[in-house]
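Can you read through this structure? Questions will come right after.
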Amino acid sequence: MSVTYDTVVEKPQPRTPAIQAATPRSHLGFRPDIEGMRAIAVMLVVLSHAGLTGLAGGYVGVDVFFVISGFLITTLLLNEVARTGTVSLAGFYARRAIRLLPASALVLVATVAGAWFWLPSTRFNSISLDALYATFYGINWRLASEGVDYLNADAAPSPLQHFWSLAVEEQFYLVWPLLMLVFTLTWTKRKKGGKAPLAAALFVITAASLAVSVTQTETSAPWAYFGAHTRAWELAVGALVAIGASRLAGLPAMLATALTWGGLAAVVASAVIYDEQTPFPGTAAALPVLGAAAIIAAGGAAPRGGASVLLRTKPFQLIGRYSYSFYLWHWPVLMIGPAALDVEPSIEVNLALAAGSLVLAVVSYHVVENPVRTLGWIKSRSWRGLGLGLALSGATAGFAMVAGEHTPPLATGGPAADTARAIAEASDPRARIRELLQESAALRRLPNNLSPNPTRARKDKPIIYRDDCHLGYPETAAPNPCVYGNPAATDSMFLLGDSHAAHWFPAVNEIAVQRDLKLASRTKSNCQAATALIYSATLKRPYQECFQWRESVLREIERTKPKFVVVSSNGGDSGGMVDANSVPLDDGPNRDQVWAAAWGKTFDRVKAAGSRIVLIEDTPWPSGSAPECLVTNPKQVRRCGRPPGEAIAEPARRELIAEAARRRGAVVIDTQPWFCTDEICPAIIGNALVWKDNSHLSTAISAAMTPLLARAFPR
């Protein structure tokens, strides 16, 4: 969510009649109804984030703020044109810096510090990087990219995630004042055309951005949600209201009253009706956007009637005044507060924390935000405001970068056995892994030679990720051949599946080298090898890219006829099986049989190509993020293991798929004995971290398992 904050608009001193005509006269001065709208918008967002039942769609408060922002900023720019005949870019950005940066810098520094003290150290580097992106208003692109990264899909939300809307707004205002300046130069030169060229430009922006928003909401939900290109139309709608303000001021009082109440009802209704499953923004954003626009547009014609009767009341005015600081503080407090207080999050706890964040907002408003904004010597020269902005941004960025290099220290014990060496040098690798498992099951303290370090485990990925050979959601083809092992070998082997196949790459690649095989790595995020159309919760639609990619790989297998095809995938539900219209195909009592049949189709095509199928059954899962658990419990690491009966996903389906593979002559490799004793699947084996997150193997444990996998592999 974002907030634009100068509800008081200076009255212009017109230089010419033409310029005067451009000024939205009825919207000069303080607009208490807009201040009240801010209160509603920020409360919708905060209460939604707190988990209040019935307001799951409170995120529409963001859209309300975008409309307010577009209206107020455009009004200010039009007033400046009327007063001076031009737009001062330096003055504009200086005002933005003075208004926004002191409070945001304070919150960024406080959040990074809070994360250092109270959040798991595994998250600290990422949060520091978030702070760096937020400082320069680029965090929305980072979040969009992370949103389509399957390996980060289950990561805890960043306490700085809410800065995305500020980034969207500032990116829009990198362009909008420039367009205003071009408009002004053309306007003052020709002395004709009025506001029509500017309005036309806004209509084009609105239409284009809305079209992209609708399309991308269907194809790439994270980019649609966080992108400035898909949100620009919302700010443009507010700008259009500003341009038409003088005409809108003449609306009949009864119509204006009805519009304000109707607009308010639209905003509140969208917050109640929508939820996290609503495809958004897309067409759904039109309801809160048009509702907010109606309130602003008609509010000038009914300054003391309509919804203004409610919006002008003292509680709304007070919360509206503090809305920017309230928004900045509420999310970090909700994210860090439970850990700092050592309590479990709940609706009661969250509401108390939200109230606490309002107190912080009031204090920071009076101590930091308002005093800096009203300093006359800073406001008197644009370069001083710009200098303040650069100084605050530089200091905040420097703090974030330095902090990111100083991860909180871990309390560790002595060294553990080198897992890879212990298994590789053993005459019987299976007996040695059982010994290591027993030792690790009894382990209490975090080994000081653990690999990878849990605080950096998130970055631990096989080389196929760096080579762009593991595909994300949008891609259906790799940019290069992605051949490993011995590329010059005659015989070949394929690795096929999702990220749970990809985490076996280190071991499979080593076997390819040992067997003199060229390895074609073919893996894609959240895309099981089973021949099925999967519904993607991330994309909020059928995962057509997965189906297309899988078909192309199977055709490649049929064409090249490799000696082996190693298949592995997420053993749980990476997504329900659906038809092209998103109708579920696996929601009945025979859902496991449906999935086994889908796997059978893939096995049939591989077998028909003359290839030997090697099915690596899915590995056990931890109960959550293993690295976070370990850094939280460095002296009680056993807490981070999981009983085998709970760690195996969908055991009945697993057996049906294995049986389907065996009927087709496949070698089925059960990996559970390599990771679990009879009592526990530990998070550490020797000095190797087992899971890099909440399900994927670390490269260290995958490589260490090479001798075990090689022994089970067919000749």
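A Cβ is built for glycine as well, from the same backbone N, Cα and C atoms used for every other residue.
Residues annotated as domain 'Acyltransferase 3' in TrEMBL: 33-364. The transmembrane segment annotation in TrEMBL covers 58-79, 100-119, 171-187, 199-217, 223-243, 255-274, 280-301, 322-341, 347-365, 386-404. Look at TrEMBL and you will find 469-710 tagged as domain 'SGNH'.
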Can you name the far-off residues of the same chain, 6+ from the ends of the transmembrane segment (199-217), with a Cβ under 8 Å from a Cβ of it?
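Those are 179, 183, 223-225, 227, 229-233, 236-237, 239-240, 243-244, 279-283, 285-286, 540, in sequence order.
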Checking distant contacts: for the transmembrane segment (322-341), what same-chain residues at least six beyond its ends satisfy Cβ-Cβ under 8 A?
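1, 3, 5, 38-39, 41-42, 45-46, 49-50, 100, 103-104, 107, 110-111, 114-115, 117-119, 156-162, 349-350, 353-354, 356-358, 360-362, 364-365, 369.
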What parts of the chain pack near the transmembrane segment (386-404), using Cβ distances under 8 Å and only residues at least 6 beyond its ends?
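Result: 90, 93-94, 96-98, 101-102, 105, 108-109, 112-113, 116, 124-125, 128-129, 131-132, 135-136, 372, 378.
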Do at least three CB pairs under 8 A connect the transmembrane segment (223-243) and the transmembrane segment (255-274), leaving out pairs fewer than 6 apart in sequence?
no
Do any residues of this chain, six or more beyond the ends of the transmembrane segment (100-119), have a C-beta under 8 angstroms from a C-beta of it, and if so which?
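Beyond its ends, the transmembrane segment (100-119) has Cβ neighbours at 5, 127-128, 131, 134-135, 159-160, 163, 166, 324-325, 328-329, 332, 335-336, 339-340, 364-365, 368-369, 372-373, 388-389, 392-393, 395-396, 399-400, 403, 408.
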Using a Cβ distance cut-off of under 8 Å, indicate which of 58-79, 171-187, 280-301, 347-365 has the most pairs with the transmembrane segment (223-243).
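Maximum Cβ contact count belongs to 58-79.
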Check the domain 'Acyltransferase 3' (33-364) for me and report the mean pLDDT.
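Within the domain 'Acyltransferase 3' (33-364), the model's average pLDDT equals 93.
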Should anything in the same chain at least six residues away from the transmembrane segment (347-365) have a Cβ under 8 Å from its Cβ atoms, list it; otherwise answer none.
46-47, 49-53, 103, 106-107, 319, 321-322, 324-326, 328-330, 333-334, 337-338, 341
